[in-house]
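Just below is one structure, and these are the notes that go with it.
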Amino acid sequence: MAPTLFQKLFSKRSGLGAPGRDARDPDCAFSWPLPEFDPSQIRLIVYQDCERRGRNVLFDSSVKRKNEDTSVSKLCNDAQVKVFGKCCQLKPGGDSSSSLDSSITLSSDGKDQCPKYQGSRCSSDANMLGEMMFGSVAMSYKGSTLKIHQIRSPPQLMLSKVFTARTGSSICGSLNTLQDSLEFINQDSNTLKADSSTVSNGLLGNIGLSQFCSPRRAFSEQGPLRLIRSASFFAVHSNPMDMPGRELNEDRDSGIARSASLSSLFITPFPSPNSSLTRSCASSYQRRWRRSQTTSLENGVFPRWSVEESFNLSDESCGPNPGIVRKKKIAIGVIFSLSKDEDENNKFNEFFFSHFPLFESHMNKLKSAIEQAMKMSRRSADASQRSLAYNRILDALTEFRTTICNLYTMPRIGEPVWLTMMSGTPEKNQLCHRFMKEFTFLMENASKNQFLPALITAVLTNHLAWVPTVMPNGQPPIKIFLEKHSSQSVGMLAKTHPYNPLWAQLGDLYGAIGSPVRLARTVVVGKRQDLVQRLLYFLTYFIRCSELQETHLLENGEDEAIVMPGTVITTTLEKGEIEESEYVLITMHRNKSSLLFKESEETRTPNCNCKYCSHPVLGQNTENVSQPEREDTQDNSKELLGISDECQKISPPDCQEENAVDVQQYRDKLRTCLDTKLETVVCTGSAPADKCVLSETCLEPREESWQNKELLDSDNHTGTAMRPTGIVVEKKPPDKNVPSAFSCEVTQTKVTFLIGDSMSPDSDTELRSQAVVDQINRHHSEPLKEDRGVADKHQESKITKDQSEDSDTQNIVSGESCELPCWSHSDPESMSLFDEYFNDDSIETRTIDDVPVKTSTDSKEYCCMLEYPKRLYTKTNKQKSELCKCIETVHQDSCNACFPQQDQRNSLSILVPHGDKESSDKKNAVGTEWDIPRNESSDSALGDSESEDTGPDIRRQAGGYCGGDQEDWTEEDEIPFPGSKLIEVSAVQPNIANFGRSLLGGYCSSYVPDFVLQGIGNDERLRQCLVSDLSHAVQHPVLDEPIAEAVCIIADMDKWTVQVASSQRRVTDNKLGKEVLVSSLVSNLLHSTLQLYKHNLSPNFCVMHLEDRLQELYFKSKMLSEYLRGQMRVHVKELGVVLGIESSDLPLLAAVASTHSPYVAQILL
């Protein structure tokens, strides 16, 4: 049997290149690490703190032991229940009196029917946990307080929330809470009396209708919401990160931060950041901006949009009696007992903090159940009712435990299609091929009853995050398809107005970007696991979200290590050599442990004397602003020259005979220019095109230095790699006229910045530059023309030798500028407001000395680069055409001699951002396929925040993105830098701290309500939980913003039906939801793509066609929204006649239009 897609599914994350296992194998679990977690590791404890009574334990799950397995539902049918003992009273001395709240025994005639609980004394840690929960919160404080505690011995993680009760007096029943009801169950109901001292505060209140509609009410009643975090939170969690959906701006004096639950309001008092965005208030961009405003303390403290901060025990049918109200607080604590394995604990910690909104949402659901149970126990004088109320809490705890365990342990889809495309994989061709094979299989085997078109229609209608990915961005479709980066507008927003990227990713997954906001999830039901898994994999192309990149920040004295997957970046503070100011040295190192392949010595040819083989290249995207100390540069140059000498020894004799220049005499010059650095090219404000910021004296000497250096390189055929990949500094002194490397309409200006050092023409550093001039003049011996002649001679010979090389490379070698398609910037009108998956147009390139030399005709262009290889260069609005050309102009003249038959280094070093070339197969031969720096998402404030380009006018350039295809820079000999602590992070495993991968479930044994996508064997559990889950999603939304509707798409592969269940519709006729109306547009989209593939068109082209057809849906929705503008009521027939929109397409187009034109929903929905 031929290997299937899942057998061949990327094995690059499996560690050391082991062959991929069949992901359909249950043991494989889609290559997702399956942790173990037992429900018994979750403990619930409830406290009451009363002004008069002090602190009591109301409930503690750890001290109950069932002696019989009889169902709780049979409790007390005919048995007389006797409950004795009072609540555990916590005394200051630490002693605990009596037993816990209830110790249930049964009369002799009921022993066989009811479960029996054996009472025990309070747990030994009750005092400690109570102090941790209540802390120093004043009794008069009316808000709720959320805390996260990490207990080291035994290892535990506790999530606690303290609430103020809202109790109303009642003359129709007892005012007692659970504690009081348990105390008085035993008494005659006629003698029950209201005791004002037993009025309890509540836990986490329900959302009343008035509270749901009036977010301001919460603020007036409760005041600011705060979070008090225990110190151990920071001590244990080694990589502090925001809790998703929150903004924790800590007050360093008081240790009190904003509530971790603080959320954005649906309507904010802030003006729109751009008048052109006002019409898209429901867009992804606007949601992110609103989130930034309402989670920033600069704008004051905002309340949650709904009131969940108090516990409502009041009985609305009874009148108030404020005379007997006492101040009380209730605390709920959920304690997770961790294992003794430190690695497992770290995994759970990472999962807990990254998925905190889900934990809090389920805690709110647990609180609601406890609240209802307390109300039940208060209303009834019947002892059996109160016991049932107690057991309701146990049932709610059981459900909470099951949900959390399933969320943590269920299998996930190992390689979602869309996220894998987003992550810059070099296997795009293979990925498209596999996707199209699965697509063809499903179209042929799962189209009964139009099942697949109906399912895709439902997914595209509800999971709306695909819309921003197809919106036009002024780029050709091939570029958009290949690079899939983030948008300019959203990328800029992430820098200037940071929001939590995990929150944005979660909203994308649930499709909550339309208006009104809707949460969606998809469940595939089927007994054939193989078929269900293939469909789940296929759906991960349409259910999209942003890809995130996590950055770990560790401090070590004055040094700081910023660790990204696969790399280590260190920053140190260095003193200036000329001026007294200090500057920052930022250095990037390759992560050795994450390398999958090392090039063997045999792959290097004996006569290889190129820089690539001798000194491999660094290839990460990061900016460096530095001027290292003299001794560091000496070490670097010595090492470089040593390598150059070594290359000479193994070079052919005829090459050695041409060595006319002694390497040693350039040692001093190299010290000033051979440091391993990176640069980031960004736009600055426009500067005069005819002026050069760098002084002429800074440039001319390097021209002369280049002559000698070029002669050395051309004679030896060695590429000492003086020019950067992609970006050259094309500015020349005003009096020089050297042909440019690019055909550009307007010559632009390079501006150089150095932290702590002024580089203006009148700077003191000109003295230093002059010293360099004098030094170079002493060694200057030959005119430029002679050097050019020698260089051109070798250039021509190399062109003849390497006719099989890429045409772009030949153009470069011959000194011609590489002409590539030229795309201009999109004007503001065509810029997408939330096109967050398009090009993040930053160009981050290398200025290190390991790329072959440029032809001598362009030598002067490199003067700036050679003079200041360690600077951060900025530029003025360079056209994309230059960047596209420039990224292709990697000079390969030195490398061609090394690999005449299959120049692996050559194929690796030439980036192909505009289309996969045939040489892409070579790329996979050498290099770490799985260790690619991920494309920075628009949501990744982690990566973006480190960037220098934070100005409002920044337009990051698209053509030269150097991240997605940089699998070639794999080998690097790390040189330890003094005073820097290097931290290595391995990124070979799927990241569980990422909603995009953790919420796309595989084939699960049980229904998991939090999963955005999952497969299950039967719908029994789904039918039980669906209604309550949808209601809970609206009442306690994980996104902390009002949700109008929660929907669930149920695709039954046994019955070939697709239904959509909604929180706004009641289930009728034993159906889970409403049947889906198949969109003719979607049906045509699927069939046309299938026909193209059957006609043997390339999988890449078929997927591009699929993207084009999705974009057509967007354009039709724009047309619909424009037609509906200003209208109040439109007939469907009118839309069909005027716009050609069929009635079956209207729900889909209206949903898509709601992402950019909210008024459409008011007219059509």
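Each residue, glycine too, has its Cβ placed from N, Cα and C.
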Ask   = Which one of Ser99, Ser275, Ser763 gets the tag phosphoserine in Swiss-Prot?
value = Ser763
Request  = For the set Ser220, Ser859, Ser881, say which residue Swiss-Prot annotates with phosphoserine.
outcome  = Ser220
Key: Annotation match for phosphoserine in Swiss-Prot, from Ser14, Ser489, Ser907, Ser1121   = Ser907
Task = Report which of Ser283, Ser380, Ser594, Ser814 appears in Swiss-Prot with the annotation phosphoserine.
result = Ser594
Query = By the DSSP assignment reduced to helix, strand and coil, which category contains Ser296 (phosphoserine)?
reply = coil
Ask   = Taking the Cβ of Ser296 (phosphoserine) as the centre, how many other Cβ atoms fall within a 10 Å radius?
value = 16
